[in-house]
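Going by TrEMBL, these are the annotated features:
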TRANSMEM  12-29  transmembrane segment
DOMAIN    58-242  domain 'ABC transmembrane type-1'
TRANSMEM  66-87  transmembrane segment
TRANSMEM  99-118  transmembrane segment
TRANSMEM  124-146  transmembrane segment
TRANSMEM  184-201  transmembrane segment
TRANSMEM  213-233  transmembrane segment
Amino acid sequence: MKKIIDFLTIKGFVTWALLLAIWQLGAILNPPEFLPGPIQTIIGGAEIVRNGMLAQYVGISFMRIFTGWSLGILAAVPIGLLIGQFATIRRIFEPFINFFRFVPAIGFLTLFLMWFGVGEESKVAIIIYATSFPIIINTIAGVIGINNTTIQVALSQGASPAQIFFTVTIPASIPYIFTGVRLGLSGAIISIVAAEMLAAQKGIGYMIYTSRLYFRTDWIFVGILTLGLTGYISDRLLRLFGRTVLKRFGVTDRK
């Protein structure tokens with residue numbers, strides 16, 4: 001019995017069942033326009049699945065996310081490695097990084113709309129911004145956290161600075177980079193939803209925001225649940241891919 005209880009607790013089944021019960025109780029005590037129940041939400045979800053709206057909006061949002069997130073990774077990883085590798089560069093740029101990482105991406109939305117227009121460029125720029133800082137900061141932490149003894153051993157064996165960078169620095173930093181990439185993904189999802197609420201005609205954020213006009217709180221809940229589910233699945237797949245890469249480099253995953 002203890003093993004069963006432990007299994008259910010570990011897998012979160014008890015927690016989810018409790019949340020569903022609370023949700024259903026709240027729906028019973030409130031009008032459906034204010035808080036739809038799980039069944040009503042499923043019915044509303046089936047409606048926008050049948051008419052194709054949900055699939056279309058999910059596809060649009062995640063294409064924006066994937067584009068901005070990928071570009072953010074390509075930009076942030078080299079920057080993080082460079083800043084982490086050289087103390088002088090780190091002293092110059094750390095104040096700027098520590099300043100801008102506290103400025104949320106949505107704070108730049110108006111500027112990006114002015115600079116890049118109302119098309120896809122402004123939304124991708126928001127995601128690049130949201131993605132970059134977690135990756136840069138974690139990459140820097142990975143580089144400066146390398147054991148100096150490891151570097152000294154490599155030097156004693158005649159390794160050049162370039163060889164140390166590619167055989168010691170990068171492999172040791174990969175767990176930190178993957179942590180930053182995963183955090184960047186969550187930041188990308190959050191920022192695109194906010195951007196779509198304010199400056200888009202399609203997307204999950206747009207659907208959530210405009211559903212209030214029709215009192216379709218069930219669609220709002222569908223949008224929220226879709227974001228959570230797709231984000232969770234994406235993170236699990238990314239973590240699985242990360243473990244494969246980490247094993248290749250002979251390092252362990254950072255939980």
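Placed from the backbone N, Cα and C atoms, the Cβ positions cover glycine too.
TrEMBL entries are annotated by machine, without manual review.
Since we're looking at a predicted model, the values are computed, not measured.
Only sequence-distant pairs (6 or more apart) were considered; of these, at least three Cβ pairs between the transmembrane segment (66-87) and the transmembrane segment (124-146) are under 8 A, so the stretches are in contact. Panel annotation: around the transmembrane segment (12-29), residues 35-38, 40 of the same chain, lying at least six beyond its termini, place a Cβ under 8 Å from a Cβ of the stretch. When the stretches 99-118, 184-201, 213-233 are ranked by Cβ pairs under 8 Å to the transmembrane segment (124-146), first place goes to 184-201.
Proximity of distant same-chain residues to the transmembrane segment (184-201), defined by a Cβ-Cβ separation under 8 Å and at least 6 residues beyond the stretch ends, is recorded for 61, 64-65, 68-69, 72-73, 76, 104-106, 109, 113, 118, 122-123, 126-127, 129-135, 208-209, 227, 231, 234-235, 238.
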